[in-house]
Ligand code: IVH
C-alpha cells in the first residue's frame, strides 16, 4: 500500500474514533482544533488522490447533487407508532395488560408480578430507518406511511452523529437501525435566525425544522442544519443479537450508533412513574425538545408474546407531556426599538398558561413574518414555547377571525422618538450590477437621538465584552437617559459625582467606584472600542478582524466598502453597514468627543495586518469589480499583463485584445468607459496604496529584480563566504542558482580548485567571475558582504 493510502486509512480510523467519543460517548478526547487538523489533512490527501475517496469517509458528509424527487423505499418490517398515555393511571392500566399477558396468573396474584421496563425520552423529530449492510450505511429512509417511506440516504449522511460505518465488530451483516432525527433547541434558534436573515419563512417548531431539513432535495442544505440522530430500535436484521431491549441498545452503542443518555432500566411500573416525574422536571433544561417519555417492556421474548394491536406495539407506550402550544387571542401588536434601530413587532396576547407558565407576549420577528402568518389584531393564534426563549406565534386560526379584526401596520414614525421609520435595503452585487431589494427589517433613523436606541447603545457600550464598565446597570442607564444626563456614550465621561449620587441606588462609595470604573475604561484596545460602538452586524469577531487588519481607527473610519470586503468574513452588506456608520455625522461627533474631550486613548498596533496586506491582489480586486463576463481567470490575466489598475483603465485596445478574447476585452472596455466605474476602482486602488499596501504579484516582484531570469553556477571553494550564503545572496537578487553548467548559464563564479565546471564554462565562452570580482559585483548591487 502506498504512503498516502495508509495515511488516509489511519486518519479515517482516528476520525471515526473521535466522532464516536464525541457523539456517542459524549467524552471528547481531543480539542476541536486537533480534530479539524486531522480532518483537513484527510481532505487534502483525498483531494490529491480522488480515486481513494470512499462514501464512508468522514469527509463525505457534505451533501451531494440536488434531487428532483425522492425514490420510494419499502420497509421490510413496518415502522409503527405508539399508543399514548396522558395520565399516570393510564400507565398502571398499561402495566396491568402487560402483566396479564406475559404471566397468566389468577387476578388476585397479579399484584406481586413486576415487569422490567426501559425508559427513554420521546424526541420530537422525524423517525428514520438506517440500513447497514456489512457495517456500511447503505440507505436512509423516512417512515412515510409506515410501510413505504422515502429514500433520504444523501440527507442522513449529512447528520454528523450517524456513523457511515459501524465500529468494533460482531454486528449482523444486515442491520436496520431506527431512531429519530431531531434538532437541538440551539440549532433550531440558529436555523430560524438564518431563515430570517435570508428572507425565508421560519420553522414553527423543532420538529418541522428537522423534518423540513431531512426532506430537502438539496442535501447540502440538510448538511448545514446541525441535526442529530438518536436510536430507539431496530427493523430488519440478519440475526438476533440481544435478549433485552436495553442490551440491544448497548450493543448498538458499542457499534457507534448514538442512543439516549437518558435511557434508564427500571424494575417495575413505579420506576416508570418516577422517571415521568423526573423528566418532566428536566424537560425545559434539556438541550432538545421532548414531547413525552416512552416505556418499553425490556425482555424481547415478552415483547414477542405481547405482539401488536393495529399499528401499535402492546409492549410500549408513550406518556405525553402537556403541549408547549396553546390557543389565545392577539390583543395588539406593539413595536419595540432595538439597539440598531430595528423596529420589531411584538404580539401582546391574552394571557394563557402554556405548560405551566403564563404567556402574555410573543415575538413576531419582523413584518415579513407578520405577512407570512397573515396575522390580524383580534385573531385567535397558536402560540408555542420552546425552552427559555420568548414564545412564538406559530399560526393563525383563520376560522376564528372576528369581524372586527384589524391589519397590523408598521408605524411611519418611531414610537419612541418620532423619527422616520424606513425599510432597510438589501444590496446584492453581481455581474457589475447592484440590485437593491427591500429587506424585512424596518429601522428608526433617529440613531442616538432616539431614546430607545440610546439606552440600548449605552447598555452595549458598557457591557463586559465591550468597555467593561462595572456598576452601570440597565436601570441606571435608563434613568440617566430619561433624566437627560447623558445623550451619548461620550457623556458618560462627563458625569459628575453630584449627579451620580442623586441616582437611585447610589451612595458615596458606589458613586466613587462608578466614576473610577468609567475613568479606567479610557484605554481600550481598538477591537473592544470598535465592538463597543455597536455598529450594526459588527460583533466581537468582526471588530477583532477590523482592528487586526487595519491597525488604526483612522483606517477603519475611511475604509471603502470594497476595501473592507478584503477582510475575512466581511461581506458587502456588513461592509456597507460599517461604512455608513462612520459616514453618519452624529456618530462622527460622538467618536470625536470620545477621542477628544474625553481623552480616550486607543491601544492599537498602527500597522496593517500581514494577512490583510497579503490578501490584496490586483487580480482579486479586478474580480471583485464584477465586470460582466470577466471571471477570476480573466481578472488574473489582466493583472499579470498590466500590473496596476490605472494601467488596466487606460489600456489601449490592442494591448487589451492581446490579453483577453474579444468579448471579454470589450466588456472590460465598456465597464471602464463608465466614468463612475473607473473612478470608483481608482479610488479603491488609491485607498489601498494610502494604507501602505502594494499589489502582490509574484511575477512583477521577480521581474523587478536585477538578476531575474538569469542562472548562475557556483564552483570551487569560496573563502569570503560560504556557498550557501553566496547562493542566498544571488537568489535575493532574483537569480536561479544551478549545480551544472550549460549554454543557458549566465555567469559562473569560480573559486580556487574549480575543475570540470570551469573548463566547460570556458569552452562555452560563458562569463566567469573569481571570488573577488563576485564580491565587487555584489557590492555594486548594494548587497552587503561579510
Ligand atoms: S419507539 C414500535 N421510542 O414517536 C415503536 N419512538 O409516536 C416505534 N419517537 O414514530 C417507536 N422517541 O418517531 C420510540 N424513544 C422513542 C421515541 C419514539 C420519539 C417517535 C417516533 C415514532 C413516534 C411514535
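Note that Cβ sites are derived from N, Cα and C of the backbone, with glycine treated the same way.
In the three-state DSSP scheme, residue 34 (NAD(+) binding site) is classed as helix. Annotation comment: TrEMBL describes 32, 33, 34, 35, 36, 81, 82, 120, 143, 180, 296, 320 as NAD(+) binding site.
Residue density at residue 122 (active site, N6-AMP-lysine intermediate): 20 other Cβ atoms are found within 10 A of its Cβ, drawing on all protein chains shown. Feature annotation from TrEMBL assigns active site, N6-AMP-lysine intermediate to 122.
Annotation comment: TrEMBL describes 414, 417, 450 as Zn(2+) binding site. According to DSSP, residue 414 (Zn(2+) binding site) sits in a coil region rather than a helix or strand. Just so you know, the Cβ of residue 414 (Zn(2+) binding site) picks up 24 other Cβ atoms within 10 Å once every protein chain is counted.
The annotation domain 'BRCT' is assigned in TrEMBL to 702-772.
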Measure the Cβ-based neighbour count of residue 36 (NAD(+) binding site), defined as the other Cβ atoms within 10 Å of its Cβ.
10
Pop the Cα-Cα gap between residue 82 (NAD(+) binding site) and residue 122 (active site, N6-AMP-lysine intermediate) into the table, whole Å please.
10
For residue 450 (Zn(2+) binding site), the one of 32, 36, 143 that lies nearest, given that the binding-site residues are compared by Cα:
32
Extra residues within 8 Å (Cβ to Cβ centroid of 414, 417, 450), Zn(2+):
337, 341, 413, 415, 416, 418, 419, 444, 446, 449, 451, 452, 453
Pairwise CA distance, residue 296 (NAD(+) binding site) versus residue 417 (Zn(2+) binding site), rounded so that it is a whole Å:
60
Would you list the DSSP helix, strand and coil counts for the residues of the domain 'BRCT' (702-772)?
23 helix, 15 strand, 33 coil
Could you check which of the binding-site residues 32, 36, 296, 450 have their CB within less than 6 A of ligand 1?
none
Rounded to the nearest angstrom, how far is the Cα of residue 417 (Zn(2+) binding site) from the Cα of residue 34 (NAD(+) binding site)?
51
Please work out the mean pLDDT for the residues of the domain 'BRCT' (702-772).
83
